[in-house]
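Asks: I grabbed these lines from Swiss-Prot:
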- Glu127: active site, proton acceptor (ACT_SITE)
- 28-36, 188-192, 240-242: ATP binding site (BINDING)
- Glu53, Tyr86, Gln97, Arg128, Asp133, Glu197: substrate binding site (BINDING)
- Ser11: phosphoserine (MOD_RES)
- Ser15: phosphoserine (MOD_RES)
- Thr72: phosphothreonine (MOD_RES)
- Ser74: phosphoserine (MOD_RES)
Amino acid sequence: MATPPKRSCPSPAASSEGTRIKKISIEGNIAAGKSTFVNILKQVCEDWEVVPEPVARWCNVQSTQDEFEELTTSQKSGGNVLQMMYEKPERWSFTFQSYACLSRIRAQLAALNGKLKDAEKPVLFFERSVYSDRYIFASNLYESDCMNETEWTIYQDWHDWMNNQFGQSLELDGIIYLRATPEKCLNRIYLRGRNEEQGIPLEYLEKLHYKHESWLLHRTLKTNFDYLQEVPILTLDVNEDFKDKHDSLIEKVKDFLSTL
């Protein structure tokens, strides 16, 4: 099916702040469907832009399709840090989580200074946020004894400092939670065939699912960022394949944006 051209997409919600960019994070478990979902969103409207997760950086592969990516010193030095983390989590979890968050901040800040500056009603969708970096993935690795106490303390201190420097620019206006069962995510991991992920056990996905549910569904997960407790959340059930349900999903997103 041919992809329709982007069209002008005035926001249904008038904003007294003019062209302030609305920032929405797309959250969910590994292989819940985030990449597919953001690819749908970026085709909808010329005032909508997405910042994909910088997996290419983590795998040391330069992606020519991603305007937010460029070859970095860490990439030039070699090393697939995503694969290294999955193969030896006790050795590489701290390194990976620190680099994952750094590369995410860099990509998201670059997007804020990109073409949306001239958009009439700009919306920027992040594929995950600095908050899920810390409170879902890094904390799970610490609780699984893949980070020791010293590493976890340093990571939290570093994360707090980075957010003090840049966090105000990345504060979210809303979150879209793509909710899928761990079993469905495991099946999708096999189907998409990313080499680094093929050894992920169901238990790992179950732990991540529990954390996502605590944070985004039950809202019982505590963070150091009080404003997150009040950030609006749209939960979408994505257990079924949604490639043929674009229109329904887009309407739900538009309705959600109209409330922000």
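Any Cβ shown, glycine's included, is placed from N, Cα and C.
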Asks: Identify, in sequence order, the residues in the chain of Glu197 (substrate binding site) that are 6 or more apart from it along the sequence and have a CB within less than 8 Å of its CB; answer 'none' if there are none.
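Replies: The list for Glu197 (substrate binding site) reads Ile30, Ala31, Tyr86, Ile189, given in order along the sequence.
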Asks: Could you state the CA-to-CA distance between Gln97 (substrate binding site) and Gly28 (ATP binding site) to the nearest Å?
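Replies: Taking the Cα atoms only, Gln97 (substrate binding site) lies 17 Å from Gly28 (ATP binding site).
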Asks: Where's the emptiest Cβ shell within 10 Å among the recorded positions Glu53, Glu127, Asp133, Asp241?
Replies: Asp241
Asks: How big is the substrate site in terms of the longest C-alpha to C-alpha distance among Glu53, Tyr86, Gln97, Arg128, Asp133, Glu197, in angstrom?
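Replies: In whole numbers, the farthest two Cα atoms are 19 Å apart.
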Asks: Near Gly28 (ATP binding site), which recorded positions out of Glu53, Glu127, Arg128, Asp133 have their CA within 10 Å?
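Replies: Checking Cα-Cα distances against Gly28 (ATP binding site), the recorded positions within 10 Å turn out to be Glu127, Arg128.
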Asks: Going by Cα-Cα distance, pick out whichever of the recorded positions Lys34, Glu127, Arg188, Leu191, Asp241 is nearest to Glu53 (substrate binding site).
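Replies: With Cα distances computed to Glu53 (substrate binding site), the winner among Lys34, Glu127, Arg188, Leu191, Asp241 is Glu127.
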